[in-house]
């Protein structure tokens with residue numbers, strides 16, 4: 001047996017740490033005589049493609065990752081466009097709903113409210129504590145658009161980390177999926193005999209807050225090099241926990257910041273095309289959101305950067321953004337509202353409440369319409385035709401996941417806009433031919449952003465994830481289009497180039513961390529951009 005001794009420093013003293021060697025091939029006789037990795041790759045791909053349901057493909061890939069991680073990631077990297085929708089959106093939504101029914105083997109860490117006061121001991125049970133560099137944490141309280149799934153939300157953390165590995169070359173042993181079980185308010189799961197979580201309602205806010213304080217302190221204590229990503233917390237908790245912890249720990253919330261960054265990137269490219277068609281200045285855009293939860297407000301906050309980058313003040317940028325929720329246009333005179341909605345509440349409208357989306361569009365005359373409402377069909381024919389009458393190239397981004405909750409589908413947007421739409425969605429849609437021209441939908445998937453953002457934060461050893469780092473990731477993505485992709489009016493680069501894209505984003509994030517003074521890797525400061533690119537590429541893990 002090979003033993004690898006690695007020197008490490010602890011309290012100023014150098015010690016030798018035993019680390020695991022790369023797995024060797026099984027001894028002679030433990031594999032069939034003609035077994036060959038190249039042939040086995042095609043065998044695994046054929047087995048995957050023989051499944052006729054996406055959830056069955058998800059289950060197969062989960063088993064393959066457990067049995068042969070290198071083969072799983074080889075297949076991912078070579079078939080990103082095919083595999084990504086299977087290990088993340090939209091299939092991960094079904095995987096969450098069926099998690100307790102389909103459960104085979106545990107993956108990641110489960111920490112419940114019953115562990116309060118004892119969380120440090122639970123964290124110490126992780127078998128690869130020295131290798132850990134990144135975790136995705138969820139409490140399952142708002143999974144995609146599916147509601148409170150409790151412990152069934154764990155596939156979200158697992159799926160995100162698989163994309164960190166495939167998309168940015170984070171080492172598999174450096175990742176920890178974590179699900180926090182604080183109960184669930186979904187009665188269907190409490191009544192389900194197979195449900196794997198605690199059988200009680202969610203604990204009160206004060207108790208959850210105390211739990212989170214202990215969890216974050218212990219996480220930072222036991223994993224001092226850990227980057228933390230919060231995922232799918234309910235809207236109120238998402239904003240509260242991000243605000244409470246982001247300046248104390250290296251932390252970001254993907255729903256608020258990651259979604260905002262990827263939409264900003266797509267919007268930058270869409271706005272250029274739209275302005276070129278209309279002849280109006282780039283600062284003349286007006287953006288309307290349907291949906292004012294954590295994702296909607298988070299994206300709105302990020303899109304203010306678009307206007308500020310183009311010379312507008314903060315107040316001018318805010319005035320270009322309109323929010324619509326289930327009760328209609330959000331304005332001051334409407335009455336009491338949730339705290340996170342107040343920043344974008346309109347002060348320039350004092351009429352009666354407006355709830356009809358088409359009528360609101362006629363009033364606001366937006367150039368762009370963003371959907372984060374999880375309301376299927378909300379962008380109906382009337383809505384898109386009205387947007388098309390106002391704009392030569394309307395920007396329509398139905399961003400809700402999964403597909404069955406998307407505000408409209410690509411073929412509808414193409415048909416109702418007569419092929420003029422600039423479209424990006426949260427889930428994948430097939431390309432469409434319209435009047436002899438092939439049109440390509442953009443997919444504003446966070447997987448374009450968070451792998452590179454996470455890699456840059458880890459390599460720079462960022463003490464916190466600043467707004468400037470998130471903005472840098474967005475600009476890095478917007479500038480990643482090739483001339484061929486621009487010629488096809490693509491808003492996002494092709495996902496097959498994800499490793500290349502993540503490398504450029506990581507470079508931008510490292511430089512932003514240095515400029516903000518939160519980096520703790522001084523050696524990178526002395527490197528040129530080309531040297532940092534080479535450093536980033538060298539650190540990417542390949543199966």
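Each Cβ is built from the backbone N, Cα and C atoms, and glycine gets one as well.
Where the annotation comes from TrEMBL, it is an automatic prediction and has not been curated.
Straight from TrEMBL, the features:
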DOMAIN    65-246  domain 'Malic enzyme N-terminal'
ACT_SITE  88  active site, proton donor
BINDING   142, 401, 445  (S)-malate binding site
ACT_SITE  160  active site, proton acceptor
BINDING   231, 232, 255  divalent metal cation binding site
DOMAIN    256-514  domain 'Malic enzyme NAD-binding'
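The recorded positions 142, 160 differ in how many other CB atoms lie within 10 Å of their CB, and the one with the most is 160.
Using a 10 angstroms CA-CA radius around the residue listed as 'active site, proton acceptor', the recorded positions that qualify from 88, 142, 231, 255, 401, 445 are 88, 231.
Checked against residue 231 (divalent metal cation binding site), the recorded positions 88, 142, 401, 445 differ in C-alpha distance, with 142 being the nearest. A mean pLDDT of 95 is what the model gives for the domain 'Malic enzyme NAD-binding' (256-514).
The number of other Cβ atoms within 10 Å of the Cβ belonging to residue 401 ((S)-malate binding site), over all protein chains shown, comes to 25. The Cβ of residue 445 ((S)-malate binding site) has 84, 88, 89, 262, 426, 427, 428, 495 as same-chain neighbours under 8 Å, each 6 or more residues away in sequence. When the alpha carbons of residue 142 ((S)-malate binding site) and residue 255 (divalent metal cation binding site) are compared, the span between them is 10 angstrom.
Long-range neighbours of residue 232 (divalent metal cation binding site) (same chain, six or more residues apart, CB within less than 8 Å of its CB): 138, 139, 140, 141, 142, 143, 144, 153, 156, 255.
Residue 231 (divalent metal cation binding site) is surrounded by 26 other CB atoms, counting those within 10 A of its CB over all protein chains shown.
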